[in-house]
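Participant: The structure's right below; bear with me while I get my questions together.
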Amino acid sequence: MSETLATDATAPAEKKDFIRQIVREDLASGKHTVIRTRFPPEPNGYLHIGHAKAICLDFGLAAEFGGLCNLRLDDTNPAKEDPEFVVAIQDDVRWLGYEWAQLRHASDYFQVYYLAAQKLIRDGHAFVCDLSAEQVRQYRGTLTEPGRNSPFRERSVEENLELFARMRAGEFPDGARTLRAKIDMASGNINLRDPALYRIKHVEHQNTGNAWPIYPMYDFAHSLGDAVEGITHSLCTLEFEDHRPLYDWCVDKVDLAGHPELLQPLLDKGLPREAAKPRQIEFSRLNINYTVMSKRKLTALVEEQLVDGWDDPRMYTLQGLRRRGYTPAAMRLFVDRVGISKQNSLIDFSVLEGCLREDLDAAAPRRMAVIDPLKLVLTNLPEGHTETLQFSNHPKDESFGTREVPFARELWIEREDFAEVPPKGWKRLVPGGEIRLRGAGIARVDEVIKNADGEIVELRGWLDPESRPGMEGANRKVKGTIHWVSAVHAVEAEIRLYDRLFSVEKPDDESEGKTYRDYLNPESKRNVRGYVEPSAAMAAPEQAFQFERSGYFVADRRDHSAATPVFNRSVTLRDTWAK
């Protein structure tokens, strides 16, 4: 993809978090003329809502300051990576409203990393170690005890170069040797106790095939990847704060900007020379109650078939949230509301739901749908009577226009809108009582039809002919208004009533001997058959609506069609979880 300025989908008011303050100071001082950021996911799973914060920050920051943001796929662990995830990651970033300046892969730089490792060996900063993984752990020490030097730490430069070349040639089995940095085994930061830079892994890579039997470790590849691309501000979450000294060590000891010969493999590929020294800045990760965001746990939910796949609308993956009906605008608004800081906090799930309601209240056309149907027959209308009524598509925005809604003698109404024995304060239908049928007139129930089991199967009533739209009688006051659909014209639809996947605020809490599996909400999904007005059935997949008085729904992106409509409840009209 050609290099273009990153573009944000919105133009928010100036934000004053600490990261933006750093960027403003760097630009004002002339330290940087253009800022460069990157979003560097590993393609070993689907992105989740936590990644949305990083995406919006990385791409949004670049857009805000007229800079560039790369999408770099950190594909240094081929055993866990899959092209399926590569495609999904790009889809998610674009869905959120962002475009990358360049699409890069860590594997694009494998030869650069190899040359950089050779430089570290020549400079006396790296050595080939024969200790096993278990022995390395024993030598590393603890938080209170220093580590011990590897017996192979003082190998000569020549021997290290030869052994590293043989590692590269594939002569040794997996785990036989590693290349380690030579830093300080007594450091109080365990990350600096001679960490591994390369490991042997005879695994085919999705981009490079079997060309490499050795692969760089994350800290080494990540820091040099930023340096190669000239990233000015490398943004990551707080758990990488202790890794920053190693990040800086790798950048400084290799010094790509000062050793352009190391970049020759990129120039040979036609890539530009952009190397510079990046700065790592950490911010708090996104934590939301009623969720789990561990990739391991999300994978288990899918593999154990506790959910219906990675894009199950109850999942916290971006694919799942999208299918649920969450919008890019709502996701960006949520990230803005949460803000950027160094303080870890737990965000209430209702904040996310509130952002979706706020967006859809303004953006979603209104439609009528009946989820639990009960027939109402208006007996004073002629048999076969039908007519067409004009309805506004949005009560707050005339630009949405109007639509035609069929009306008939036989209607479907919500079963819960009728009570044979009403509770105190009831404002809907009762025997002999009146109700306003949305946009159609005032109706009364005269007769309740039941089956042999005593269940109500039909209501029979009367429509006041003087209360039709535009008539004086339409202004007569009645206690309540209900929605309806024409039984003759309505289209049967599958309606999936989704709710939160977990029933407790902290499903990760295992203090009582339970796991997140024990806290799955049995009411998180209910499939029902209902009826929608014809114009809703004709919607394109991913079209959102407010089903009046019911909630916000979206036409399922996978299963919906005009012939077999499927709607997912995105969020209720009001917070039903409020305490």
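Including glycine, each Cβ sits where the backbone N, Cα and C put it.
According to Swiss-Prot, the record shows the following:
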- 41-51: motif ''HIGH' region' (MOTIF)
- 42-44, 48-54, T237, 285-286, 293-295: ATP binding site (BINDING)
- D74, Y218: L-glutamine binding site (BINDING)
- 292-296: motif ''KMSKS' region' (MOTIF)
Participant: Cβ under 8 Å, sequence separation of at least 6 from the ends of the motif ''HIGH' region' (41-51): give me the contacting residues as numbers and ranges.
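Facilitator: Residues 73-77, 80-83, 85-86, 88-89, 92, 285-286, 288, 291, 293, 295, 298-299, 310-311, 315-319, 321, 331, 352.
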Participant: Within the motif ''KMSKS' region' (292-296), how many residues are helix, strand or coil going by DSSP?
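Facilitator: Its residues fall into 2 helix, 0 strand, 3 coil.
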Participant: Whole-number Å distance between the CA of T237 (ATP binding site) and the CA of Y218 (L-glutamine binding site)?
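Facilitator: So the alpha carbons of T237 (ATP binding site) and Y218 (L-glutamine binding site) sit roughly 15 Å from each other.
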Participant: If you skip the near sequence neighbours and keep only those at least six away, which residues in the chain come within under 8 angstroms of L286 (ATP binding site), Cβ to Cβ?
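Facilitator: Correct list: I49, G50, A52, K53, M293, V338, I347.
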Participant: Mean pLDDT for the motif ''KMSKS' region' (292-296), as a whole number?
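Facilitator: Summing pLDDT over the motif ''KMSKS' region' (292-296) and dividing by its length gives 92.
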Participant: Looking only at the motif ''HIGH' region' (41-51), what are its DSSP counts of helix, strand and coil residues?
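Facilitator: Tallied per class, the motif ''HIGH' region' (41-51) gives 3 helix, 1 strand, 7 coil.
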